[in-house]
């Protein structure tokens with residue numbers, strides 16, 4: 001009632017309320033889009049860092065730290081799902097509901113203000129009728145007054161006929177009657193207007209305003225409830241998000257550094273034992289160097305047997321240096337090269353010893369070469385060309401080989417179990433067919449049962465083969481308590497064919513090729529066994545050419561004789577010991593003093 005004269009202002013205010021509601025709907029809609037975008041980005045992030053299946057990266061997730069990271073990625077995926085739930089709930093409970101409510105609100109508002117305008121038009125019409133009746137009453141009163149004055153004037157004039165006076169009297173009476181009628185009509189219209197006006201201001205308009213007020217209050221309550229729902233939607237997922245965070249914390253607490261370290265040890269331990277001590281080599285006496293079993297050189301003469309590569313008990317090698325380096329250490333002469341013939345050095349005798357100062361360089365060079373070499377295990381040509389390794393994993397160190405063999409045995413046993421389950425199922429099916437021929441032909445499964453039997457037999461033979469290799473490896477591994485054993489390596493190949501297929505690159509860290517203690521008492525094997533051992537190894541590539549400046553008589557083992565002016569191929573540069581490895585043809589290669597030749601290296605040889 002207090003706003004009965006503020007109809008237009010109320011209309012503007014209610015429109016503003018609808019605009020506010022639509023603005024809030026837009027806000028919530030944009031919030032849902034942000035939640036969806038955030039959830040999508042979280043899912044993409046989690047997917048990006050998931051390990052790829054059947055890849056090396058997947059194997060790395062066996063450690064507790066990486067498993068915890070994987071659990072974090074999975075929980076982040078669930079975390080993203082909760083933000084999707086927020087978006088879905090806000091869309092269904094707020095955006096959709098408010099959008100529908102706004103449409104209803106607009107229709108209701110339109111109806112109320114239509115009724116208000118209709119009431120205003122009605123009261124305005126009544127007012128116009130009252131004004132018309134009033135003007136008509138006023139006009140009739142004036143006309144009646146003029147007619148009365150005219151009658152009185154005619155009646156007082158003696159010159160006017162009686163008929164004219166009577167006519168003026170009748171006219172005056174008529175006008176007076178008309179004024180009375182107008183008065184009655186005006187009075188009736190006034191009463192009616194007052195009644196309509198009272199009804200308008202005290203009944204119709206208040207009712208309309210009351211409906212508008214209720215509508216506006218419902219709008220205000222609705223937007224408040226929507227804001228409350230906005231908070232509740234977030235609050236509902238907080239426990240689940242908290243659970244995700246708790247799982248991440250739990251995964252983080254499960255990280256066990258000791259266990260991870262042990263897994264690294266188990267994964268990479270080779271089963272080899274450290275090498276023995278390096279013996280002191282005395283270069284002060286001009287006598288033939290005495291070489292111990294674990295020294296940097298390997299005795300190849302003085303009646304001692306050569307390495308027996310074809311024998312069952314083979315020399316144990318340190319598996320860290322490439323074979324080319326091993327062969328160079330095996331064949332490189334372990335004394336300094338002679339100076340050129342024109343040199344005035346007192347030790348100009350070919351192959352003669354030099355001063356101790358010059359002797360120390362090869363030792364330090366070879367030791368540094370061991371210290372800087374990377375622990376890689378190389379295979380022969382089959383692996384270098386990308387082929388698969390040997391079936392018995394003989395290219396691996398003992399411990400790694402044992403693990404691979406054990407994994408293969410377990411895998412074969414699982415395959416056998418699957419085949420046996422299939423056979424049992426087919427056997428039961430056959431029994432059902434025999435008892436109920438209408439369900440199927442029992443003979444139809446015989447062929448499949450025979451295939452399964454053959455597969456099982458093949459798999460069992462494979463298991464026996466790998467178990468034999470496994471037993472052989474486990475029997476060869478050194479006992480953990482044997483601290484007194486000081487071998488430079490314990491990895492022995494199983495047979496000559498295994499070495500030929502994929503021989504292991506092995507060398508002791510001090511550059512020596514060590515053999516077992518019983519080597520010297522065993523029968524000497526022909527040199528052809530050594531050649532057969534490395535038949536599959538590709539020859540060293542040539543890295544340049546050289547020209548012999550002087551004639552050199554290669555008297556020591558590992559050297560090669562050259563004539564002055566002869567052109568040869570260089571296959572290994574001077575490593576700092578004064579010797580260069582050269583090749584005359586496929587079968588003749590060896591070392592010559594670097595000062596005796598002029599070397600022409602290819603430009604891209606070192607890069608290759």
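Counting starts with 1 at the first residue shown.
Backbone N, Cα and C atoms are what each Cβ position is placed from, and that goes for glycine too.
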Suppose you had to name the range TrEMBL annotates as region 'Disordered'; which of 289-315, 424-450, 532-558 would you pick? 289-315
If I go by TrEMBL, the feature coiled coil sits on one of 151-182, 183-214, 215-246. Which? 151-182
Over the domain 'REM-1' (395-472) the mean pLDDT stands at 86
Please count the residues of the domain 'REM-1' (395-472) that DSSP assigns to helix (H, G, I), strand (E, B) and coil. 72 helix, 0 strand, 6 coil
So how many of the residues in the domain 'SH3' (541-602) end up helix, strand or coil by DSSP? 3 helix, 29 strand, 30 coil
